[in-house]
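What TrEMBL annotates here:
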TRANSMEM  53-72  transmembrane segment
TRANSMEM  93-121  transmembrane segment
TRANSMEM  127-149  transmembrane segment
TRANSMEM  156-175  transmembrane segment
TRANSMEM  203-226  transmembrane segment
Amino acid sequence: MNSTIAMITFRSMLGRRRALLLFVLPGVLLILSLVLRLTDTNDLDVDTSVLQKFALGAVLPLLALIAGTGVIGPEIDDGQIMYILTKPIPRQVVVLTKLVVAIVLVTLFAAVPTLLAGLILGAPAGLTPAFAVGVLVGGVAYASVFVALGVMSRNAVTIGLLYALVWEGLFGNFAPGAKKASILQWALSVTDSLTDASTVHSAVGLTTALVLLVIVTLGATALATVRLRSLTVASAE
């Protein structure tokens, strides 16, 4: 990891206009949780629904998309990435640094708010930390996929949005086969293993989920590194 690149990336992400979404999405989650608690309309089913469908199913993929594509995509689009690539810094270090920044952002703006939302709701002990861990684990995989997408395509946000909404949101929830190929379901499997709540169910076994999470994370990171190297070669030519 390169600390200089990390600091520049953090400043860039938190200074952009679209970085407001990093605050808006978790803000909506916390406000919703507070309203439900104050109106006394929450119970185990409602708590699970908020944490699973909104925090894990909506806030997480959208925040990971913003963070993952944002840490590197704009730099490639405007050519600023070439300043970094002309330095004697291994390409894998560049990718890993960008990925770490994306994961930190996902942790701060998705995992932590999920934990706070569960506490505000007054969810049963065990449910809140289970979902926070699930969001964190899923966030690592999502971030790696979206960082790779940001390196590979100028339309990364559009493609990522379609992936998050159509594949994860639609097929991942309703198509039995697609559920097993869903980061959301893998993260939910981790959550399910950490809580005894009868309202949490995953379509994927824990071992399978963990293996697939590791494969996707490593594979996407490797793909981003290879693609970044090809960008260097192309610009040199």
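Placed from the backbone N, Cα and C atoms, the Cβ positions cover glycine too.
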Item to check | Considering the transmembrane segment (127-149), which listed stretch of 53-72, 93-121, 203-226 counts the most C-beta pairs under 8 Å | outcome: 93-121
Item to check | Intrachain residues whose Cβ lies under 8 Å of the transmembrane segment (203-226), provided they are six or more past its termini | outcome: 91-92, 95-96, 99, 137-138, 140-141, 144-145, 147-148, 150-152, 176, 179-180, 182-183, 185-190, 192-193
